[in-house]
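A.B. asks: Pasting the relevant annotations from TrEMBL:
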| type | residues | note |
| --- | --- | --- |
| TRANSMEM | 20-38 | transmembrane segment |
| BINDING | Ala28, Val29, Asn33, Leu369, Ser373 | Na(+) binding site |
| TRANSMEM | 50-71 | transmembrane segment |
| TRANSMEM | 92-119 | transmembrane segment |
| DISULFID | Cys131-Cys140 | disulfide bond |
| TRANSMEM | 186-205 | transmembrane segment |
| TRANSMEM | 217-241 | transmembrane segment |
| TRANSMEM | 269-286 | transmembrane segment |
| TRANSMEM | 298-319 | transmembrane segment |
| TRANSMEM | 355-378 | transmembrane segment |
| TRANSMEM | 399-418 | transmembrane segment |
| TRANSMEM | 484-505 | transmembrane segment |
Amino acid sequence: MATAEVAPPERKQWSNPVEFFLTLVAFAVGLGNVWRFPYLCFKNGGGAFLIPYTLMLIFIGAPVFYLELTLGQFTSSGPLAVWKVNPLLRGIGYASLATNCFLALYYNVLIAYCFYYLVASFQMIVPWSTCGNWWNTALCTDQATLANLSRTDLALMKNMTSSPSEEYFYRRVLQISSGVDNVDGIVTHLVVALAVAWLICFLALSKGVQSLGKIAYFTALFPYVMLTVLIIRGATLSGAIEGVKFYMGTVNLTVLKSPSVWKEACTQVFYALSCCSGGLIAMASFNDFNNNVYRDTISICLVTWFTSIFGGFAIFTVLGHMATKMGVSVADVAKGGPGLAFVVFPEGLSMMPFAPLWCVLFFLMMCTLGFGSEFSIMETVMASIIDEFKTYLNTPKKIIIFRFTISFVFFLLGLSMVTRGGLYVLNIIDQYLGGFPWLIIGVVELYCIGWVYGVDNFCDDIALMLGEERRPEVTLDDYTYPSWALTLGWLVVILCLGWIPYIFLAEICGRGTWGIIKEARLPHVEWGPARDEHRQLSIRYANTVDPKKLSMQTLSTIDTGDSYDLDRAAIEIIAASPKLFVKRLSDVSSARF
């Protein structure tokens, strides 16, 4: 007798809306809010950075955040299945899932670092505060020695010494090798810490969102308690006000002219809100169909904005105290990224009374922040795969085995980042993954929903989900137009927009379909710089221009070096001064753009 096929279990939901909200807070507020945003503010004009950050949050971050929550809640599907809205663009879901996988790998390695520091903090004297240990070099100089030096001597010795915290992180914790091509074996204590991190991750996600929602009460709220404690303690330290001045006290509005500032603000918004990683779609897919997703979007965006600023005060009050004791500027001690969390800030904490206590609290907070994000990242990965293969993963036992297998596989993959060359691997993944892929995914998402699926259809879906009327009838006071009269309105729209397809079709019919498509995809002959002297800077545009019209402004851009092929007239000009050449576009740093 054939065995009856087991039906897949019903998709679980959050126990209540509070669990969903707290999970989103824990997911969005992560390690980057502590070590990335404060440094970006300090580097990009202080308080002035809040202008592009806030604008990007309002006009880019919040709409994309709302879009993804709505997609997940409306379809009750993960980031793979949700793109059935357009099967041709299902690659969006796989791209999001791939970024999540890489993010989960190195995020748990960072948590392993935090674990190791947390355990090492349970000592009377924290090991990164002194020299004379087996991992220190002759260049190690502790704070007691630096405190007795003049500012001039400090400036002279700046590149000739290394701090105990720096040597502890690189030589003791990482035991770092000479480069990415020199793996030089695994670091045992980091492997143990990484295994513990993945074990905790598996246990937290063993029951999916039901266990994740309960843990969120701790992972979302505890960091705010710790941040508040650190801010209160930091405010009582000498030099704290100097740190705050460097953080938000200076407002340099001239930096707003730089495109890189706006780019970093946009990237940070995607970091802070965890947009385009598929996680928001996955978390919202476990919501009740009629949940007020608009309220959640506004609330999470406000919480994220506040947390980024709030966390910066905890960091820079300690950095201000550290700079005061060392007799240097805050700018000399401030760093971004892992260097802030594992080198600079631990060194600042070691200068405080009862240093071990503050180190324990700080790294406990860092572990909590990391796990709050890591749990949601991995639940996104696991839930997406379970949704795709739910006919096979159709019993609780199979699902638990699957979750354990995924955790173990990710642990094995993460071993490449706990070798002596692991930091180089982690850094290159972080540099290439952070920001750019998510921005591209976001653009394609908006195109898919806004243009392919249609804004009207999507708004109708939202109205259906929230129980609101989407398209009210056109009225004038108490008069309601008949349906045939609305044709006049659409006629106005057609008369305005109809020229686009009309010209397109007229050109195709007039010159042949394939020929016009091949020709029209190329830029027009007049495309390029408007001024002749600027066109002469590139062979792409110089052929139609008399190069003898070059002005002194253009000649000022000419530099020494190797020449490249120009047309005959341009070569005659350059021949008069053989040491001159027109710079190739590839010679110009992309940073200028």
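Cβ atoms are placed via backbone N, Cα and C, with glycine included.
TrEMBL annotations: computationally assigned, not manually curated.
For each listed feature, how buried is it and what is near it?
C.D. replies: Sequence-distant contacts of the transmembrane segment (20-38) (same chain, six or more residues past either end, CB-CB distance under 8 Å): 14, 107, 110, 209, 212-213, 216-217, 219-221, 223, 247, 268, 271-274, 279-280, 283-284, 286-287, 291, 296, 299-300, 303-304, 307-309, 311-312, 314-316, 336-338, 340-341, 366, 369-370, 372-373, 375-377.
Spatially close to Ser373 (Na(+) binding site) yet at least six residues away along the chain are Ala26, Phe27, Ala28, Val29, Gly30, Leu31, Tyr107, Ser274, judged by Cβ distances under 8 angstroms.
Listed as Cβ neighbours of the transmembrane segment (92-119) (distance under 8 Å, sequence separation of 6 or more from its ends, same chain) are residues 30-31, 78-83, 173, 189-190, 193-194, 196-198, 201, 276-279, 281, 338, 341-342, 346, 359-360, 363-364, 366-367, 370-371, 373-374, 377-378, 380-381, 384, 410, 413-414, 417-418, 422, 426, 429-430, 433, 437-438, 441, 444-445, 448.
Cβ neighbours of Cys140 (disulfide bond) (same chain, under 8 Å, six or more residues apart in sequence): Cys131, Gly132, Thr161, Ser162, Ser163, Pro164, Glu167.
For the transmembrane segment (269-286), same-chain residues at least 6 beyond its ends with a Cβ under 8 Å from one of its own Cβ atoms are 11-14, 20, 23-24, 27-30, 32-33, 36-37, 53, 56-57, 60-62, 64-65, 68-73, 75-79, 82, 93, 96-97, 99-100, 103, 209, 293, 300-301, 304-305, 308, 373, 376-377, 379-380, 383-384, 434-435, 438-439, 441-442, 445.
Proximity of distant same-chain residues to the transmembrane segment (399-418), defined by a Cβ-Cβ separation under 8 Å and at least 6 residues beyond the stretch ends, is recorded for 9, 101, 104-106, 108-109, 112, 186-187, 190-191, 194-195, 198-199, 201-202, 205-206, 208, 378, 381-382, 385-386, 393, 425-426.
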A.B. asks: Counting CB pairs under 8 Å, which listed stretch among 50-71, 186-205, 217-241, 355-378 touches the transmembrane segment (298-319) the most?
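C.D. replies: Stretch with maximum Cβ contacts: 217-241.
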A.B. asks: My understanding is the cutoff is Cβ-Cβ under 8 Å with a sequence separation of 6 or more in the same chain; which residues meet that for Asn33 (Na(+) binding site)?
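C.D. replies: Result: Ala272, Thr304, Thr307, Ser308, Gly311, Leu369.
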A.B. asks: Taking residues 6+ outside the transmembrane segment (217-241), which of them lie with a CB under 8 Å of any CB in it?
C.D. replies: 19, 22-23, 25-26, 29, 307, 310-311, 313-314, 317-318, 320-325, 352, 358, 361-362, 364-365, 368-369, 371-372, 375
A.B. asks: Fewest neighbouring Cβ atoms within 10 Å: which of the recorded positions Ala28, Val29, Cys131, Leu369?
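C.D. replies: Output over recorded positions Ala28, Val29, Cys131, Leu369: least Cβ neighbours within 10 Å is Cys131.
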